[in-house]
Amino acid sequence: MADGVDHIDIYADVGEEFNQEAEYGGHDQIDLYDDVISPSANNGDAPEDRDYMDTLPPTVGDDVGKGAAPNVVYTYTGKRIALYIGNLTWWTTDEDLTEAVHSLGVNDILEIKFFENRANGQSKGFALVGVGSEASSKKLMDLLPKRELHGQNPVVTPCNKQFLSQFEMQSRKTTQSGQMSGEGKAGPPGGSSRAAFPQGGRGRGRFPGAVPGGDRFPGPAGPGGPPPPFPAGQTPPRPPLGPPGPPGPPGPPPPGQVLPPPLAGPPNRGDRPPPPVLFPGQPFGQPPLGPLPPGPPPPVPGYGPPPGPPPPQQGPPPPPGPFPPRPPGPLGPPLTLAPPPHLPGPPPGAPPPAPHVNPAFFPPPTNSGMPTSDSRGPPPTDPYGRPPPYDRGDYGPPGREMDTARTPLSEAEFEEIMNRNRAISSSAISRAVSDASAGDYGSAIETLVTAISLIKQSKVSADDRCKVLISSLQDCLHGIESKSYGSGSRRERSRERDHSRSREKSRRHKSRSRDRHDDYYRERSRERERHRDRDRDRDRERDREREYRHR
């Protein structure tokens, strides 16, 4: 704003507001636009989660100007005194607090605002209450701590930064202790006396249209607990998945619903009605179900028996479902829960799973008479504990047979391999006979053994023709071995030269096979050239004949 411009009337008490800020340091957390953005008391709080107050009121005895009017009553310009009321349960609502204050004879309540968790919108257990006179504030500080609100005595303090930080620390400790102890949120105990409040009236619940006394952030009650009562003469709507079972400890949430962080709260007492239940598929804005008409409804599979008095411990088993009901009470023997129908359980007769094993991944059930196979033991087909066969690739005949069985050969490939085996057999026999006649029995024996192993490793070794070749090579090998046993000196010499000659023979064999292939291709190429030459000669003769005829 430029200098020299006169201030309008709205800023007449700016200095007074600055004095209030100097006296009270809690204005650090004030957002000046929250009063404009946030809805009025008749519409409930703003839907977004806030970790602090919308507005912090001035201290005791200060007058408020037009710009700092309270959120609830915009026309009020008189004295306004703010107090903190803490040590409340997280399900305490504005209506509960209003009832307690009115019961003390204090009727000048200007504002009630609860502090909420930013993460889930749940109450932190303390609220700001604004009243219009010092007498009312003193009466609240003296008498309200003596009243019991949901099993706890409220704590009333002046509105300043010190007590605000104390309440914040207490709410954090409560949240952490509730999470460490693993206590689930079983839902607040609903009150039938508060069910008569009109929806959309002055009381501001955490959700618009919620039944007073209900959950500020309705979490699913466990499998136990019948639904709360309905107004007389009203037909109860049929829940999507059936009514809940008998009262019991809190259980897992229904599918598709998020459970807010658990907070430590007083357990359900026997003199209070059970908590309201939010069924799956029911939006948060709708009120919880009221009392059902007299008479138990038919049981619906999936959520246990119909509501009513708790069944005896020795009663009939409940119908099967994804969440079997627990016994009615925190004490009692734990029930063995069967796995859901869509998950395989451990096989019958098998030992129970170890604590670290996920039962969802057990093998499917097998016949109880057959031994169950373990991952560390032999397969059930081998009673002697031998390892299962494996594919050895190119290292032996069994692997080759398996390979042949897996990939059938074409006729051309089969004939090519058979021709190669025949060539190996004939050349090995001829060379072995020549080496044996020269007295080199070791080289002859090695040649025959090598040929036999090559034929056995081929892809067609299981064929009868290959077996005939192998038997002929083996007969030749036996004959040469019998001859070699009669000549000891020759055998000694052959042993000395065995190693060197074997290398030479293998090289010679490779070179000969290559030469044969080269000769074969050369011969083919020569034949092609001859055919081409003949075709050219024929074409030339035809051309000459044509030329001769044209003349």
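The backbone N, Cα and C atoms fix where each Cβ goes, and this holds for glycine too.
On a predicted model such as this, the values are computed, not experimentally measured, just so you know.
Swiss-Prot marks one residue of S502, S511 with the annotation phosphoserine, and that residue is S511. Comparing T98, T366, T404 with the features listed in Swiss-Prot, the residue bearing the annotation phosphothreonine is T404. Swiss-Prot marks one residue of S487, S513 with the annotation phosphoserine, and that residue is S513. Per Swiss-Prot, the residue annotated phosphoserine among S494, S506 is S494.
As a summary of secondary structure, the compositional bias 'Basic and acidic residues' (515-551) carries 36 helix, 0 strand, 1 coil according to DSSP.
Contacts of S525 (phosphoserine) defined by a Cβ separation under 8 A and a same-chain sequence distance of 6+ are given as none.
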